[in-house]
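Enquirer: Quick one: this structure, given as structure tokens, is what I'll be asking you about.
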Amino acid sequence: MFTLNLIPSTTITFSKSTHQYFPIKRIQTPKNLAESPVFLTKSTPLNFNKIHACPFGKIQALSTKSTHLGKILENPSRKAGSHVPKAAASSESNPEGEAESVEAAAAAKSKAKTLQLALVFGFWYFQNIVFNIYNKKALNVFPFPWLLASFQLFAGSIWMLVLWSLKLQPCPKITKPFIIALLGPALFHTIGHISACVSFSKVAVSFTHVIKSSEPVFSVVFSSFLGDTYPLKVWLSILPIVLGCSLAAITEVSFNFQGLWGALISNVGFVLRNIYSKRSLQNFKEVNGLNLYGWISIISLFYLFPVAVLVEGSQWVQGYQQAIQTVGKASTFYIW
């Protein structure tokens, strides 16, 4: 209980010109007070010592209620409970608004992914064309596809080792099950790679490239044999590919069966590599595509190089000398 204790012994007298008979009616005398109610008159002094025991807490509570009532009177439309903070009311989310924002974000993400995929496909196709052209230029002066294929795998292996050593690419953990799982895909990768190089050495780049574009046909056929099913639309979509490759084979001036079979075997090898990579490496999902390709290239090098030495190793020195004489500059041949 608060008490008002201003100046204990001071009395205040209201003059006759400024005060009339106004009783203090709202201050009621508590029951525990022995004195009678206090009234102000012209000459009656007010001694604050006599109201020390007055319960000012009740007066303060009454004042608070009157203030709250005044706020309600100022805004009659305000309902009970509307004093809840706006932040709490705004925390209730709008389901429709959230759904629209999620759909917009998903649409933007889908467009970005589609654009990224288109750029990756375009860049891959462009690099593949450049790769095939330089393959053919090198094979024209140095017709040893087994050594060239081995050197390409060696260059890819060195490139991956540089990325891993500089920590530009996270190096996967090498375990025995991981290496065993890679043996099959690496073998098919070796077959596909050397077959493509042999085809380039026998026929024109354009012919090999057209035949290799039939790889989706082999992918659908071999996957069907292994238990996968495809709708009729997929089967109909590969018919133009078959017809186009057949037309290219018939009208090709530099047609050669070794070149044709090399391109076809390359398709088979790469398709089986893709299929068995997905099947045998399901337990190694932490390995990304670049690391997978890097390790396949390294293992393929161990597969291919010993066979390359047996097939054409005795002719490499003489062929190298002839290639330098044909090109004129050793640096140009090295760049190729």
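In case you wondered, yes, glycine gets a Cβ from its N, Cα and C as well.
From TrEMBL, for reference:
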| type | residues | note |
| --- | --- | --- |
| REGION | 76-96 | region 'Disordered' |
| DOMAIN | 115-323 | domain 'Sugar phosphate transporter' |
| TRANSMEM | 117-134 | transmembrane segment |
| TRANSMEM | 146-166 | transmembrane segment |
| TRANSMEM | 178-201 | transmembrane segment |
| TRANSMEM | 232-250 | transmembrane segment |
| TRANSMEM | 257-276 | transmembrane segment |
| TRANSMEM | 292-311 | transmembrane segment |
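What's the neighbourhood like for each of these?
Expert: Nonlocal intrachain contacts for the transmembrane segment (178-201), taken as residues 6+ away from its ends with a CB within less than 8 angstroms of a stretch CB, comprise 132, 135-136, 139, 143, 145-146, 148-149, 152-153, 172, 208, 211-212, 258-263, 265-270, 272-273, 276-277, 280-281, 283-284, 287, 295-297, 299-300, 303-304.
Cβ atoms under 8 Å from those of the transmembrane segment (232-250) belong to residues 207, 210-211, 213-214, 216-217, 220, 260 of the same chain, restricted to positions at least 6 beyond its ends.
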Enquirer: Report, as numbers and ranges, every residue of the chain located at least six residues beyond the transmembrane segment (117-134) whose Cβ falls under 8 Å of a Cβ in that stretch; write 'none' if there are none.
Expert: 200, 205, 208-209, 336
Enquirer: Averaged across the domain 'Sugar phosphate transporter' (115-323), what pLDDT does the model get? Just tell me the whole number, please.
Expert: 88
Enquirer: What residues in the same chain, six or more past the boundaries of the transmembrane segment (292-311), come closer than 8 Å to it by Cβ-Cβ distance?
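Expert: Cβ under 8 Å, 6 or more out: 146-147, 149-150, 153-154, 156-157, 159-160, 163-164, 169, 172, 179, 182-183, 185-187, 189-190, 193-194, 273, 277, 281.
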